[in-house]
Ligand SMILES: CSC[C@H]1O[C@H](OP(=O)(O)O)[C@H](O)[C@@H]1O
Ligand SMILES: Nc1ncnc2[nH]cnc12
């Protein structure tokens, strides 16, 4: 049984992880290019933790400029088995007001200018995304949030837009009418790539605003979001600390097989595979390619 290594991707407002014991910076190079930032590695209550701020410190990177492939690749190389994304989002539901942490269980991908797969010409793979979030991690997150007195919603659909502009009123009303719960700009293709890399993934979607559909909120502004971000970030850090204390030290097998997603995904015949691409896939797909 493998040791659990918890990865944390910090989104808007979460550029470090105070409380990381013995924290040190680790630069891991990736054949997929530059990750957002060096990793910060340490422990919380003895559990190995790897932290990566997806926009880099200073919020240098916009959602479309993040190299999601490099980020997931370096987290895989760092041994991450379980990955939590901490993400700011807008809400489409009155009952999920700013301050709510939504443990989403579905995603809709509306992004259109991002590299969204490690696979392609010379090594084709099709992983299942039917259930994109680890049910086991969601349960651990819900338990940790309850212990910390953090208001959560269990389940919801996160629609990922390209951005960087916020939605038009018509888009916002459409997503609301379709029944989506929250909106953000980063969790796709991140969740898809984590699945391809066989890393269990879950998102804490932290509501900062009601997007622009809400009659009392004419438009979303970064200033308004930042006001909520700070208190959300404090709660998120408490949530991570509690999760780290309670997460089993051995990686628990994923009940939906996220950690073995490539067992049934590769379709390119071994003799038709491109050696160059195989080299780049050494970390994310090494388990199956070396078999
Ligand atoms: C600062 S508001 C828009 C920004 O916030 C969210 O970032 P993240 O998901 O990394 O927390 C959203 O996706 C946008 O990137
Ligand atoms: N309303 C919103 N739309 C997209 N991304 C967001 N991040 C925070 N609030 C958002």
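The backbone N, Cα and C atoms fix where each Cβ goes, glycine too.
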Further binder of phosphate named by TrEMBL next to 12, 54, 55, 87, 88, taken from the candidates 174, 177, 186: 186
Taking residues 185, 209, 210, 211, which bind substrate in the record, the widest Cα spacing (Å, whole number): 15
Nearest recorded site to residue 87 (phosphate binding site) by CA-CA distance, among recorded positions 167, 185, 209, 211: 185
Cα distance (Å, whole number) from residue 211 (substrate binding site) to residue 167 (site 'Important for substrate specificity'): 8
Farthest-apart CA atoms of 12, 54, 55, 87, 88, 186, residues recorded for phosphate, distance in Å: 12
Nonlocal neighbours by CB distance (under 8 Å) for residue 210 (substrate binding site), same chain, sequence gap 6 or more: 90, 91, 92, 97, 98, 216, 217
Binding-site residues compared (54, 55) - highest count of Cβ atoms within 10 Å: 54
